[in-house]
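A.B. asks: Below is the structure I would like to discuss, written out as structure tokens.
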Amino acid sequence: MSFLVAIVGRANVGKSTLFNVLTNSHDALVFDFEGVTRDRQYGQAKYDDLDYLVVDTGGISDKDVGFDEFMAKQSQIAIDEANLVFFVVDGRSGLTTGDEYVASLLRQKDKKVVVVVNKVDGTDEEAAMAEFYSFGFDKVFAISAAHRRNTQKLVDKFLKKPLNEYYQDYTQTQEHKEQQRHGIHFSLIGRPNVGKSTLTNRMLGEDRVVVFDMPGTTIDSVSIPFERHGQKYTIVDTAGVRKRGKVKQTLEKFSVIKTLQAIQDSNVVVAVVDARQGISDQDLSLIHFAIKNGRALVLAVNKWDGMTEEDRIQVKQDLKRKLFFLQDYVDIHFISALYGTNVGHVFESIDTAYACANKKITTADATRLMQLAVEAHSPPMVGKFRIKLKYAHVGGHNPPVIVIHGNQVSRLPNSYKRYLENFFREALDFRGTPIVFEFKQSENPFADRKNKRSKDEGSKSKKVK
């Protein structure tokens with residue numbers, strides 16, 4: 001589970017600009033389905049090789065007309081779940097009643113808060129910050145997000161220490177969790193009302209009743225261990241598990257943050273799509289996030305029952321067009337969670353994806369496959385020289401990481417990298433899991449000796465003169 005930074009504040013103070021600086025913007029996940037604000041953004045960021053999540057909560061106000069209940073709930077969740085809060089204010093406008101309202105909400109929380117005074121370019125920083133100390137938060141810092149002024153200092157000063165402390169504790173906790181982990185850890189992800197709760201109950205068994213709502217918690221993800229045909233599993237539920245008869249046709253409780261964290265904590269992710277609504281940009285955002293995090297993936301297209309043959313053909317065509325990037329390596333199952341149709345096949349794909357993601361490959365096998373790939377299709381020329389791949393080894397599992405050493409590997413085109421991925425995938429029969437390739441420049445073990453010899457020869461020539 002990643003460290004979470006929440007960016008909060010009233011509208012138009014520069015929250016999105018700061019979000020873009022922290023996440024490099026292209027990593028943003030924007031969700032606009034019902035129950036989640038259209039401008040809500042979630043992104044991944046990195047500091048010294050440590051990953052963390054960033055959420056831009058959108059403008060918070062007590063006066064917005066039609067301020068949606070779910071919009072407020074998502075902002076509340078973001079603040080409640082955050083390890084660190086960046087409370088952004090406008091240094092040019094000065095302190096406003098809107099800022100006071102946000103500050104009053106944050107004072108009710110036991111959170112680490114940094115008041116980030118934005119838009120201070122062309123102004124006296126100390127003067128701009130002065131009035132914001134009245135909020136009662138002891139950490140106040142001035143930046144210009146648009147010009148990236150002091151943004152790195154902001155991260156160095158306020159994020160570095162808590163982030164490192166979090167991952168020290170998290171690593172120890174995670175090691176304990178791994179020891180206690182019950183079989184294959186998988187999660188069901190998807191938009192609200194696609195049938196995640198119905199599918200969860202179907203997987204757990206008809207008479208299984210799980211209490212979801214925990215005292216004092218807005219939305220909790222619950223890990224539920226169970227066993228099927230001798231195989232142990234743990235399902236991570238983020239929507240709430242209810243007895244079948246008590247599932248109402250209302251909008252599910254939904255937390256994007258919980259969903260992203262569930263993806264990171266899973267071995268396998270089952271993306272649930274509503275066949276009657278089709279696959280949306282939000283579905284694609286969640287799938288891309290899962291792949292980027294190296295999770296094994298299975299796709300379950302729910303509510304397949306009762307559809308006409310014509311509609312089914314249309315759905316399959318849309319899936320093929322929108323999921324082209326999965327390169328046919330992810331199993332797609334057309335199911336009815338309500339009636340249990342094909343749910344057993346989903347379990348089979350979970351087992352297969354998990355096995356492939358954790359498959360043991362020796363250095364000899366990895367190198368042999370690399371050599372076969374090169375023999376079938378050599379790397380391209382770089383100037384007068386051909387890129388040379390020397391040997392390969394496994395660098396990790398879940399996802400499988402193949403490390404290839406060679407010369408000029410930094411110039412290897414993406415097309416050849418895709419070729420290698422497809423070659424390895426076919427040769428190893430990898431289903432359901434992404435494969436990560438890392439390319440490392442081989443070091444010349446005689447380089448230092450050669451340089452030393454050159455220096456010695458140079459000094460000798462000077463003496464001769």
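Just so you know, glycine gets a Cβ as well, placed from its N, Cα and C.
Quick paste of what Swiss-Prot says about this protein:
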| type | residues | note |
| --- | --- | --- |
| DOMAIN | 3-166 | domain 'EngA-type G 1' |
| BINDING | 9-16, 56-60, 118-121 | GTP 1 binding site |
| DOMAIN | 184-358 | domain 'EngA-type G 2' |
| BINDING | 190-197, 237-241, 302-305 | GTP 2 binding site |
| DOMAIN | 359-443 | domain 'KH-like' |
| REGION | 446-465 | region 'Disordered' |
A.B. asks: Determine, to the nearest whole angstrom, how far the Cα atom of Trp304 (GTP 2 binding site) is from the Cα atom of Thr57 (GTP 1 binding site).
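C.D. replies: It is 35 Å, counting Cα to Cα.
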A.B. asks: Measure from the CA atom of Ile60 (GTP 1 binding site) to the CA atom of Gly190 (GTP 2 binding site) and give the result in Å, rounded to a whole number.
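C.D. replies: Taking the Cα atoms only, Gly190 (GTP 2 binding site) lies 26 Å from Ile60 (GTP 1 binding site).
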A.B. asks: Can you tell me how far the Cα of Thr57 (GTP 1 binding site) sits from the Cα of Asn193 (GTP 2 binding site), in Å?
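C.D. replies: On Cα coordinates alone, these residues lie 23 Å apart.
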A.B. asks: What same-chain residues, at least 6 away in sequence, bring their CB to under 8 Å of the CB of Lys15 (GTP 1 binding site)?
C.D. replies: Ile7, Val8, Gly9, Asp56, Thr57, Gly58, Gly59, Val88
A.B. asks: When the Cα-Cα distance from Asn193 (GTP 2 binding site) is computed for each of the binding-site residues Asn12, Ile60, Val120, which gives the smallest value?
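C.D. replies: Checked the binding-site residues Asn12, Ile60, Val120; minimum Cα distance to Asn193 (GTP 2 binding site) goes to Ile60.
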A.B. asks: On the 0 to 100 pLDDT scale, where does the domain 'KH-like' (359-443) sit on average?
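C.D. replies: Overall, the domain 'KH-like' (359-443) comes to a mean pLDDT of 92.
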A.B. asks: Return only the integer: C-alpha distance in Å from Lys196 (GTP 2 binding site) to Ile60 (GTP 1 binding site).
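C.D. replies: Lys196 (GTP 2 binding site) and Ile60 (GTP 1 binding site) have their Cα atoms 30 Å apart.
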A.B. asks: Any idea which of the binding-site residues Thr57, Asn193 has the thinnest Cβ neighbourhood at 10 Å?
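C.D. replies: Comparing Cβ neighbour counts within 10 Å for the binding-site residues Thr57, Asn193 gives Asn193.
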A.B. asks: Are there any residues at least 6 positions away along the chain from Asn12 (GTP 1 binding site) with a Cβ closer than 8 Å to its Cβ? List them or say none.
C.D. replies: Gly59, Asp90
A.B. asks: What counts of helix, strand and coil residues does DSSP assign across the domain 'KH-like' (359-443)?
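C.D. replies: So the domain 'KH-like' (359-443) is made up of 32 helix, 26 strand, 27 coil.
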A.B. asks: Does anything in the same chain, at least 6 positions from Ile60 (GTP 1 binding site), have a Cβ under 8 Å from its Cβ, and if so what?
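C.D. replies: When sequence neighbours closer than 6 are ignored, Ile60 (GTP 1 binding site) has Val8, Gly9, Arg10, Ser75, Tyr101, Val102, Leu105 within Cβ distance under 8 Å.
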A.B. asks: Taking Val120, Gly190, Lys196, Trp304 as the binding-site residues to compare, which has the smallest set of other Cβ atoms within 10 Å?
C.D. replies: Trp304
A.B. asks: What does DSSP say about Lys15 (GTP 1 binding site): helix, strand or coil?
C.D. replies: helix
